[in-house]
Structure formats: C-alpha cells, structure tokens
C-alpha cells in the first residue's frame with residue numbers, strides 16, 4: 001500500500017504528454033500531426049483511463065484503511081527561505097480524482113464524434129487533456145501555493161475552451177467575461193493566501209490548520225483580520241463555482257462546444273470552488289461568522305439560479321443556471337457544516353448533469369441538420385419539440401437526468417439533495433423554506449426544458465424558416481400563453497389549423513414545409529461542416545452516432561445507482577461515510593449513521609411531493625397543447641378571457657422579465673461598473689492631461705511668451721539690451737534703498 005501512495009504523484013502528469021506532443025507536432029510537423037488526429041484522441045482517453053484505474057485503487061485503499069498520505073519535497077534556497085512541493089492523498093482527493101477521470105473519459109469519447117468536423121479538433125483535445133491535468137493537480141495539491149498555481153491553470157484552460165471558436169464575437173466576449181469575473185475572485189484568493197501565510201508562516205495544509213487552531217484557542221490573532229482573509233479565500237470559490245454575485249460568466253460560457261460545457265459543469269471548473277471550500281473546511285469552522293456567510297451565499301445562489309432558469313430559451317443556458325442553483329445547494333451544505341452531504345451532492349449532480357449536457361449536445365447535433373450550423377437556432381428550445389420519435393435514446397436518457405435533478409427516487413440526486421434539505425431545518429428554518437421551495441422550482445424548470453425539447457411537435461416545421469422573427473408561430477410563449485408582443489392579437493389556433501396554402505403548414509397536415517436551402521448562409525460559418533453549407537438540409541432530426549451515444553448510455557447507470565453509495569441504511573453498507581472518515585459534520589456531531597425510518601419516510605414524501613407539484617405545473621403550462629382538438633376550446637377560452645387575466649399576466653410577465661434578463665445583474669454591472677469605470681478612466685485622462693501635464697506645460701508656455709515679448713521689445717540691438725539691463729539694476733537699487741531707509 002505504501003508503494004502505491006509513493007507513486008501517486010504521477011496522477012496529474014499522466015495526461016500531460018498529449019497536449020505537449022500535439023503542440024510540438026502542430027508546430028514542427030502540422031500535416032503529419034493532423035493526419036493521425038484520431039490517434040491523439042485515443043492516447044488522451046488511454047492515459048486518462050490509466051489515471052482512473054490508479055485513482056480507483058487509491059480509493060479502495062482509502063475505504064479500507066481511512067488513511068491520509070502526504071509527501072513533500074523541500075527546496076531550500078537559504079536558511080530562511082525554502083519552497084515545498086508535494087501531494088496529498090486523502091478521501092477528498094480520491095473522490096475528486098475518480099470524478100474527474102470518469103467524466104473526463106466519457107467526454108473525450110463523446111468529443112471524438114462531436115468535434116470530428118471541426119478544424120480545431122487537435123487543439124480541442126490538447127486543451128481538454130491539459131484541463132484534466134490542471135484539475136488533477138489541483139485536487140492532489142498539499143499546500144496553498146500549489147493550489148493557486150493549478151487554480152490558475154484550470155481557469156486558463158476554461159478560458160481557452162469557452163473561447164474555442166474565438167472568430168465568433170459572442171464567444172470571444174464570453175471568454176473575456178469569464179476571465180474578468182474570475183480575476184476578481186482569483187485576486188481575492190491570492191490576498192487570502194498571503195494573509196494566512198503572514199499569520200501562520202506556512203502554506204502546508206496540516207501545519208496551517210494546526211498553527212491556526214492554536215492561535216485561535218489562545219486568542220492570539222485579530223479576528224477581524226482573520227475573517228477578512230477567510231472572506232478573500234472564499235471569494236475565489238465564489239467566482240470559480242459561479243456563486244452570487246460572481247455568477248455572470250457561467251451562462252455565457254455556453255458559447256463553447258457542448259462537451260466542454262459538460263466537463264466544466266460536472267467535474268472541473270465549477271467543482272473547483274466546492275473543492276477549495278471543502279479542503280479549507282478545518283480553517284473556516286474555527287472562524288466566527290464565516291460559516292454563516294458561506295451558507296448565506298449558498299442559499300442566495302440556490303434561489304437566484306433557479307429563478308433565472310425559469311424562462312431561458314437556450315437549452316444549454318437553462319442547464320447552466322441549473323448548475324448554478326445546484327452548486328448553491330453544495331455551498332449551503334458546506335456552510336451548514338454538512339461536509340458529507342455537500343460532497344455526496346457533488347458526486348450525484350456531476351453524473352446527472354454530465355448526462356444532461358451530453359444529451360443536449362446530441363439534441364443540438366440533430367437540430368443542426370434542420371437549421372444549419374447556428375447556435376442561436378440549434379440550441380433554441382422554441383424551435384424544438386417532438387423529438388421523442390426522432391431521438392428516442394437521447395430522449396430517454398435526458399428524461400432520467402431530468403428526473404434525477406428533480407429529486408425523484410430512487411435516482412441519484414434524490415438521496416443527496418434530500419439530505420441537504422433535511423439538514424437545512426436543523427440549521428435555519430428560513431433557509432430550509434427557501435431550499436425546499438427552490439426544489440419545487442428545480443422540478444419545474446427541468447421538466448419545462450424536457451417538455452419543450454422532446455414533447456409535442458417539431459416547431460421548426462411550423463414556419464417558413466428564414467431566420468425572421470415576424471411570424472406568429474415564432475412567438476409561442478414559453479409561459480404557456482400566446483406571445484402578444486409579436487403575434488397578431490386576432491390570431492387563433494383554429495385559423496392556424498386552416499392555413500394550408502398561403503401560410504405555415506397545419507399541425508395535423510401530412511405535408512411538410514421545405515426549409516430554405518440557403519439557411520446555412522444566414523450565419524458566417526467558422527468551421528467547415530459537411531451538409532451544412534448551401535446544400536439542402538434534412539427535414540427531420542436523427543439520432544446521434546454510436547460514439548456519442550456510448551458515453552450517454554454509460555452515464556445512465558451512474559445516474560441510477562451512484563446515489564446508493566451514500567444511503568445510510570446500515571453503517572457497514574454506507575460506503576461514502578466510510579470513505580470520508582473522519583468527516584466534519586457540525587449538525588450531527590453524535591450521529592451513528594443509522595437511519596431513522598420514520599423521519600426519512602416523512603421527509604422523502606414531503607420532498608417528492610414538492611418535486612411532483614413542480615412537475616405538474618410544468619406539464620400544465622408546457623404540455624403539447626396542439627396535440628389534440630380537445631385543447632382548442634381551452635386555449636381559446638384563455639385568449640378570450642381578456643381583462644380578467646391582466647393582473648396574473650402582469651405577475652407572469654414580471655417573473656419572465658426577471659428571469660429572461662438574468663435578474664438584471666448583468667445590466668447592473670454594465671450600467672454601474674462598466675460605465676463607471678469608463679467615466680473614471682475619462683476623468684483620470686482629463687486630470688492627467690489638463691491638470692498634471694497642464695501645470696508644467698502652462699509654466700513653460702508663460703515663460704516662452706514672456707521671453708518672446710522681451711525679445712520683440714529689445715529688437716536685437718545690443719544698446720537696447722544694455723539700456724534695459726541698467727534700467728532694471730537701477731530699479732532694484734532704488735527699491736533696496738527705500739526698503740532700508
């Protein structure tokens with residue numbers, strides 16, 4: 001066992017040769033390197049698989065022995081300064097390593113087909129492999145300096161992948177937004193690290209925790225300064241894990257390829273912030289009020305992310321806000337001191353969210369055959385619907401991921417989320433009410449995404465698809481009512497069903513309206529995709545290839561069964577509790593991990609009832625209302641009610657505007673921060689040019705002007721200069737005489 005731990009340092013470096021060799025190959029032998037590009041993808045998967053096997057071996061030993069292994073190399077510069085590097089293997093490291101490798105392998109396999117038509121195929125795999133290396137280095141770090149180094153590398157890889165299609169202005173802007181937002185958090189993290197080093201004199205976790213606990217117990221530190229340093233450390237996690245108010249980069253990050261969205265949201269960048277707080281938990285729990293602050297940020301993020309997901313039309317952005325909300329649950333659990341629940345939900349959510357993102361990628365891939373390559377169209381749920389019979393495997397897998405995130409037993413997320421919800425009652429009733437109500441919102445918006453995507457009819461066929469937004473059908477509201485802003489107010493469904501010659505086809509017509517053959521020219525392509533140019537596009541979507549379906553099918557058993565790892569039916573069977581021994585749990589300090597069946601059943605019924613209510617509301621609003629003639633009277637009755645629905649419409653429109661405009665946080669930043677910084681820069685420029693430079697320039701100009709006047713008066717004659725000279729001397733002598741008289 002000791003020998004296995006000794007070679008654990010190789011974990012983060014095994015995937016590293018792939019990006020290095022790809023980079024050298026593209027520089028020195030570009031043609032040959034591109035000709036064997038599938039071989040590089042195979043090597044990426046192979047090396048990451050070796051890391052996964054090694055991580056699983058370490059995890060088995062962790063479960064059996066609950067040991068912690070740390071190895072440190074010291075580089076002594078002089079008697080006062082030494083640099084220490086090492087690796088730390090504990091339960092948190094082994095859990096994160098398995099999570100990163102399993103999700104990473106499946107995403108790489110999926111990407112082989114998804115990115116096969118992209119000219120940046122090799123560049124993508126180089127970034128992905130380096131991303132895995134950086135994240136593995138982060139979770140195995142034994143001190144804060146290594147944490148910060150790999151933290152920055154993780155951020156760099158995410159920026160490269162978010163802006164992977166950098167020729168698209170929106171992708172380049174999203175990359176810049178992620179970079180600037182995370183700069184704020186990373187700067188806080190750096191200041192926090194330096195602050196705690198100044199207090200304790202150590203970067204190593206063990207020494208840092210021990211020294212700091214002694215200082216706190218002896219009351220030898222300034223609590224205000226310590227709290228400030230802790231908040232700065234936590235700021236790094238806020239930005240990385242997209243917590244309020246530094247969450248604004250996450251939805252825009254969906255401009256990157258879908259596989260990287262799955263990796264970022266499941267096992268890498270956003271998980272890094274949760275990992276950091278979990279790693280520093282022994283530090284945070286002894287600082288007054290910092291745990292309360294963490295839980296406060298978590299509960300705000302939970303509710304904020306859920307409300308922002310309610311009206312998203314982009315399928316990936318809807319899932320992105322879902323990730324934000326679920327990360328808020330994890331942060332809430334950490335703030336409550338429920339360490340096990342937070343990591344449990346991190347595991348279950350990772351596999352469910354990876355399944356959902358890969359499923360959404362399959363949907364987008366199939367929609368591109370209809371609308372051409374244009375993310376605004378292929379990712380727009382308004383144009384989807386009715387995909388059940390076209391992509392049945394994707395549909396069923398997406399449904400499982402949706403039900404898991406909704407909290408339906410016995411799927412994975414039910415067990416972990418239910419544990420967090422139950423713990424929230426012990427911590428704060430107010431937080432518990434918000435968390436439980438948000439669970440209902442989660443079920444609502446996830447079911448909404450599923451219904452808009454897969455149920456009903458294929459909406460893209462119900463208009464003369466030319467990219468214009470002036471057709472009535474394009475404005476089908478996502479709130480279950482007609483879109484009055486764009487649609488004709490006198491438009492009725494009966495009229496729609498009668499249109500067969502001059503308008504869009506009937507929902508029940510066997511005739512299929514042909515799409516514009518030049519739809520691919522609406523957006524300037526930045527990658528070359530066969531069949532997406534000026535050629536005719538397909539009339540119906542089709543299921544993805546086996547290479548893309550295989551990872552989706554692999555994630556299904558994870559979504560079904562990974563939750564059973566943490567079910568405390570019996571102390572000997574609860575693998576997660578044994579894995580995390582010793583664990584931090586401030587809410588159940590004397591717990592013996594045995595389940596109270598009555599409490600469990602009561603809480604489970606309540607939790608499932610709330611989720612079922614959210615699903616029912618979503619089904620009522622977003623069910624395929626055009627699927628039968630029986631719905632015609634119902635819809636027209638809603639339309640005819642007129643003024644009676646004005647108040648409820650105002651409420652729904654307010655909620656819709658809040659959600660669709662991202663809670664106005666982006667507008668606030670744009671108005672006050674961006675404009676404020678620009679105004680400050682303009683004022684600084686004015687002050688520098690007019691005041692700072694104006695004073696010496698003014699003195700110089702006055703001196704030059706006086707000299708020119710004197711020069712013009714003198715006329716260039718020596719006799720004139722002598723006359724003025726003696727005149728001034730005489731004047732000064734007279735003044736001196738009268739002053740001393």
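Cβ coordinates come from backbone N, Cα and C, glycine included.
Under the heading transmembrane segment, Swiss-Prot lists 9-29, 89-109, 125-145, 147-167, 185-205, 219-239, 258-278, 284-304, 327-347, 396-416, 425-445, 605-625 (among others), citing sequence analysis as support.
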Under an 8 Å Cβ to Cβ limit, what residues of the same chain, 6 or more beyond the ends of the transmembrane segment (425-445), are close to it?
295, 299, 302-303, 306-307, 309-310, 318, 321-322, 325-326, 329, 332, 336, 405-407, 417, 587, 606-607, 610-615, 617-618
Residue numbers, six or more beyond the limits of the transmembrane segment (219-239), whose CB comes under 8 Å of its CB atoms:
151, 181-182, 184-186, 188-189, 191-193, 195-196, 199, 212, 245-246, 249, 272-274, 276-277, 280, 283-284, 287-290, 293-294, 297, 331
The transmembrane segment (125-145) vs the transmembrane segment (258-278): 3 or more CB pairs under 8 Å:
yes
Among the ranges 9-29, 284-304, 327-347, 396-416, the one whose Cβ pairs under 8 Å to the transmembrane segment (89-109) are most numerous:
327-347
Contact set, same chain, for the transmembrane segment (396-416): CB under 8 Å, 6 or more residues outside the stretch:
322, 326, 341, 344-345, 347-349, 351-353, 355-356, 359-360, 363, 439, 442-443, 446-447, 449-450, 453-454, 552-553, 555-556, 558-564, 566-567, 604, 607-608, 611, 614-615
Which residues of the same chain, at least 6 past either end of the transmembrane segment (605-625), have a Cβ under 8 Å from a Cβ in it?
385-386, 406-409, 414, 417-418, 421, 436-437, 439-445, 447-448, 451-452, 455-457, 478-480, 631, 634-635
Quick check: do the transmembrane segment (258-278) and the transmembrane segment (327-347) share at least 3 Cβ pairs under 8 Å, counting only pairs 6+ apart in sequence?
yes
The transmembrane segment (9-29): which same-chain residues, six or more beyond its ends, come within Cβ distance under 8 Å?
40, 43-44, 47-48, 50-51, 54-55, 71, 87, 97, 122-123, 125-127, 129-130, 132-134, 136-137, 140, 150
